[in-house]
Each structure stands twice: as structure tokens, then as C-alpha cells.
Amino acid sequence: MTSTSYPFDDTVQLSQIMPTQDDNAPIVGNNYAANVGINGNDSQQANVSTFSVSKKRACLTVFILLLVNLLNYMDRFTVAGVLIDVKHYYHDLGNSDAGIIQTAFICTYMVFSPIFGYLGDRYTRKYLMVFGILMWSVFTLASSFIPGDYFWAFVLLRALVGIGEASYSTIAPTIIADLFSKHQRTYALMVFYFAIPVGSGLGYIVGSIVAKWLGEWQWALRVTPLLGVICVILIIVVAVEPQRGMSENSQVHVSNSGLCTDIKDLIANKSFMLSSAGFTCVAFVTGALAFLAPSFMYYSTKFLSQMESESSISTTFGGITVLAGFIGVGMGAWLSRTYKRVNPRADPLVCAGGLLTCVPFLFFALFVSKYNTAATWVLIFFGETLLCLNWAITADILLYVVIPTRRSLAESGQILMSHLFGDAISPYIIGLIADSLADNHSNSKLPSVQFVSMQTALYLTTFVCVVGGAFYLATAIYVEQDKKKAEKISHGNLEDSDDDAVFTDGSDVNYLADEDVPRGIGGLRSDQEVRVAFTDGDHHEISTAS
């Protein structure tokens with residue numbers, strides 16, 4: 001018997017390979033890996049249950065997730081496509097009151113994201129998504145029947161829609177991360193995040209067209225619920241629930257640690273925090289433009305004495321958003337992969353470049369809006385394209401700098417931060433600024449007054465883009481080292497790592513020791529068994545037995 005002393009934090013046991021789980025049970029238990037007893041020879045390793053997914057099934061799963069994400073963003077921006085009608089229906093709402101509709105949705109969305117993030121790291125994710133999709137479908141349908149005298153009831157139901165969407169947006173990217181790795185993951189995320197601009201654009205188009213055809217804006221909110229039920233069936237029947245960390249191609253997996261430990265580690269992860277701050281700036285700008293741009297362009301055409309309907313403006317803006325999304329998300333993934341061949345810090349640098357270069361396009365789009373509508377649309381297109389560069393890349397950064405058992409929580413944390421300080425407040429803040437400027441005029445409801453006040457308020461978005469670019473540049477300083485650290489922990493290499501997630505509360509366990517055994521715990525041979533003995537103090541004694 002030999003004995004080696006090694007300093008660990010006050011956490012506990014080494015974890016093991018995840019077996020194939022019951023689809024209704026927690027994926028990873030807190031005391032997982034006890035008494036597995038594998039010593040590294042082939043015959044014993046063959047007894048360990050494994051889980052694999054065919055490429056066809058993985059691609060089908062991503063396609064279904066894409067469809068649901070399209071519905072997600074269609075539902076979110078349908079109201080924006082008929083916002084002028086909504087304002088009239090609820091007794092001529094002001095800009096700030098109209099902004100509250102989106103703010104209420106985003107507030108519940110971001111508050112419930114951490115809850116689903118915690119659950120998504122521990123329980124069957126596809127059933128959590130099914131629950132969320134059904135919730136948002138029911139509440140979206142119900143909101144279309146609220147009478148004109150009950151505006152706050154409408155706001156409440158839109159807020160409840162956010163609970164359902166929180167479950168999906170938090171969990172879906174982690175499933176993709178477990179199905180694909182490296183370049184395949186980047187492209188899978190690119191496909192998934194096409195849904196953000198494309199779904200948003202379809203929300204404007206479908207919402208405005210359906211409202212025009214059927215004569216009432218409420219019908220715009222009755223499209224996505226039916227499609228949501230179809231997607232629920234597809235998720236249950238076709239989508240797969242992969243094991244956490246499956247794509248890491250590792251024989252050693254980490255177990256769940258405590259919530260406080262997870263939060264502490266994520267806060268200490270500089271790449272995660274800085275990229276989330278940059279993405280928050282993106283959310284602020286896109287949230288403001290997505291919700292207020294159609295109304296702004298409507299007032300712009302009135303200012304220029306052009307006879308454009310809200311429906312045609314929403315359709316134009318939706319088409320621009322769809323095209324900009326296709327080009328921007330695809331271009332971002334391509335630039336990331338190409339530049340990464342010569343610079344491992346390419347991802348945050350591409351994100352920073354996208355935000356900084358979109359600033360002049362947004363600025364001049366606002367400036368020329370009082371002179372020429374066509375030029376304004378062109379500048380908005382280029383600005384949105386550059387904003388869309390970062391969607392898939394930011395998600396990829398999160399997934400490779402965070403270990404598998406914390407990814408859902410990290411997704412929820414990023415959602416919480418980006419919405420709390422981003423699109424949850426930007427429509428309301430910009431609407432409030434616009435209203436305060438309009439109130440200085442005797443007739444604040446005139447289209448010309450509304451146009452000038454909204455134009456001035458929207459200039460704030462250009463400044464926020466510059467701040468976001470700075471956050472992404474700071475991310476580039478740390479991203480390489482944080483990625484390597486996450487890879488080491490995910491593959492069971494504890495050398496130079498004090499991460500608590502590789503331990504869970506429990507008693508003596510056996511540890512899979514093979515040729516890749518971590519040298520940080522005594523340079524063990526493949527035929528040695530590791531036993532963790534608990535002592536009083538900051539050091540634990542590790543003993544080995546042949």
C-alpha cells in the first residue's frame with residue numbers, strides 16, 4: 001500500500017462513466033459512480049453500458065430543435081409585427097406602455113431560465129422542453145382573447161409565455177453540444193441559430209399578413225400554438241436525449257456538483273462572463289430594433305408623406321431580418337472556422353468585429369431615415385447582418401469553456417444576464433426616452449413628433465454596440481486558457497485543476513484508470529484502484545492498491 005497526499009478543496013469523490021439511463025430518471029445522480037469497480041482491462045470495460053446516437057438521428061434532432069426555435073421567435077415577435085394595431089386596440093398606448101409588453105415577457109423568461117437550467121443539468125431534457133412548448137402555446141392562444149379594457153391581463157399572459165420559452169431556450173443548445181463536437185458543433189449551432197433572425201422575421205411577416213387577411217390582429221397569435229403541438233409530438237417521438245458529455249469522446253465524466261459550487265465556478269470563468277456581457281449588449285440592441293423598428297419606420301414614412309401601411313412595413317422589415325439572419329449567422333460560422341486556423345482566439349474577435357462594424361450602418365440608417373426610406377432599409381440590412389455574426393459563435397464559446405454538467409446552468413445564466421440588462425429593458429428605456437422627448441411638443445401623438453423622438457432615442461443602440469465590442473475583445477484574452485481547462489476536466493484530467501465539479505458527496509469509490517489516467521493524482525498505473533479517504537482539514541489522503 002502506498003499513500004500520497006494531495007491538496008483538494010473540501011469536496012469529495014472522483015466520478016465515473018455515465019451508464020445508459022432510464023429516460024424518465026435523472027441523468028446524473030449526486031452519488032453517481034460509487035462502486036463501479038473498473039480497473040482498465042478490456043473485458044471489464046466491456047461491461048460498462050454505453051450510449052450512442054446515429055448521425056441521422058442526431059441531424060433529425062437538430063432539425064426538430066430548429067423548427068421549435070423558429071416557432072419560439074415567431075411567437076416572440078408576432079406582437080411587434082402588429083404593434084400599431086395593438087396600441088390602438090388597447091386605447092392608444094404610449095411607446096413605454098407598448099414596450100412593457102415585451103419587457104414583461106422577457107422578465108419572466110429570464111427569471112425562470114435559471115430554474116430550468118438547474119433542472120436541465122439533472123433531468124431528462126426533452127420532457128422539460130415538451131412542458132415548456134405546451135405552456136407557451138396555451139398562454140399565447142389565451143392572450144388572443146383578451147378584451148380591449150384589460151390590457152394588463154394581456155401583459156400577464158405574455159409574461160407567462162416567457163416561462164415556457166425559458167425551458168426550451170435554456171436546454172436545446174446543450175443537447176446539440178452533446179450530439180456534436182468541434183467543427184460539427186459549430187455548424188449544428190449555426191443551423192439552430194438561423195432560427196433567431198429567421199423566426200423573428202417570420203413573426204413580423206406571418207403576423208402582419210394573417211392580421212391583414214383575417215381583419216383582426218388577434219389571429220396573428222393563433223398560428224404558433226397549433227404548430228407548437230406538432231413540434232411536441234416530434235420531440236417525443238423522434239428527438240433523442242443524449243448523455244451529457246457524450247460528444248467529448250471521453251472515458252471519464254464529471255458528476256453534478258452543488259448549485260453554489262456551479263455558480264461560483266461560472267462567475268470565476270472569465271470567458272463565460274465577458275462573452276455573456278458582450279452578448280448582453282447584442283440583446284439590448286436587437287431587442288430594441290426588433291420591437292421598435294417597424295413602428296419607427298412607420299412613423300418615418302408618415303414623416304416623408306408616404307402612404308405605407310403597417311402591414312407592408314412589417315413584411316419588409318421581416319424579409320430583411322430573414323435575409324440578414326441567413327447571411328449573418330452563416331458568415332459568422334464561416335469566418336470563425338476560417339480564422340481559427342491561424343488564431344485560436346478567432347471566435348470572440350469575430351464577434352467583436354461584427355458589433356463594431358455594425359455601428360456606422362446603424363448610425364447612418366437612423367440619420368438618413370428622414371431623407372430616404374429605401375436607403376434606410378439597405379443600411380438596416382447591413383447593420384442586422386453584422387449583428388447576426390455572433391449568435392452561433394457566442395453559443396459555441398459557452399459550450400467549450402464550460403464543462404458538460406454545468407452547460408444548462410450556464411445557458412440560463414447567460415439568458416438571465418443578457419435579458420435582465422439587454423432586451424428586457426431596451427424597448428422600455430428607448431420608449432421612455434422617446435415619450436419624454438415627444439411630451440415636449442403640444443401634440444405628442446403626431447407621426448412627425450413620434451418619428452423625431454424615436455429617432456433620437458434609438459441612437460443609444462450605437463453606443464451599446466461599441467461597449468459590446470469591447471467586452472468581446474476582452475474575452476479574447478482568456479478564451480484559449482478557459483477552453484483548455486474545461487477540456488481537461490471533461491476528460492478526467494485533474495492536473496493543475498481545482499475544479500470542484502469532478503467530485504461529488506459520497507464515500508469510497510473506484511476510478512477508471514487507463515493510459516490517460518491523470519498524473520495529478522500520483523501517476524497511477526492502469527491496474528491500480530483509487531480510494532479516497534476523508535480527513536479533517538484541507539487535505540485528503542489518496543491511497544492506491546494494486
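Heads up, the Cβ atoms here are built off N, Cα and C, so glycines get one too.
According to TrEMBL:
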TRANSMEM  58-79  transmembrane segment
DOMAIN    61-480  domain 'Major facilitator superfamily (MFS) profile'
TRANSMEM  99-120  transmembrane segment
TRANSMEM  127-146  transmembrane segment
TRANSMEM  152-175  transmembrane segment
TRANSMEM  187-207  transmembrane segment
TRANSMEM  219-240  transmembrane segment
TRANSMEM  272-293  transmembrane segment
TRANSMEM  313-336  transmembrane segment
TRANSMEM  348-368  transmembrane segment
TRANSMEM  374-403  transmembrane segment
TRANSMEM  415-437  transmembrane segment
TRANSMEM  457-479  transmembrane segment
Feature contact check the transmembrane segment (415-437) with the transmembrane segment (313-336), CB under 8 Å, 3 or more pairs: no
Whether the transmembrane segment (348-368) meets the transmembrane segment (219-240): three or more C-beta pairs under 8 angstroms: no
Tertiary contacts of the transmembrane segment (187-207), as residues 6+ beyond its ends and Cβ separation under 8 Å: 62-63, 65-66, 69-82, 172-173, 176, 179-180, 217, 220-221, 223, 290, 294, 314-315, 317-326, 328-330, 332-333, 384, 388, 391-392, 395-396, 399
The transmembrane segment (415-437) in contact with the transmembrane segment (219-240), cutoff 8 A, at least 3 CB pairs, sep 6+: no
Residue numbers, six or more beyond the limits of the transmembrane segment (127-146), whose CB comes under 8 Å of its CB atoms: 24, 68, 71-72, 75, 116, 119-120, 153-154, 157-158, 160-161, 163-168, 171-172, 218-219, 221-222, 224-226, 228-229, 231-232, 235-236
Reported mean pLDDT - the domain 'Major facilitator superfamily (MFS) profile' (61-480): 87
Intrachain neighbours beyond the transmembrane segment (99-120), with Cβ under 8 angstroms and 6 or more residues off its ends: 76, 79-80, 86, 128, 132, 154-156, 158-163, 165-167, 169-171, 174, 259, 287, 291-292, 408-413, 415-416, 418-420, 423-425, 427-428, 430-432
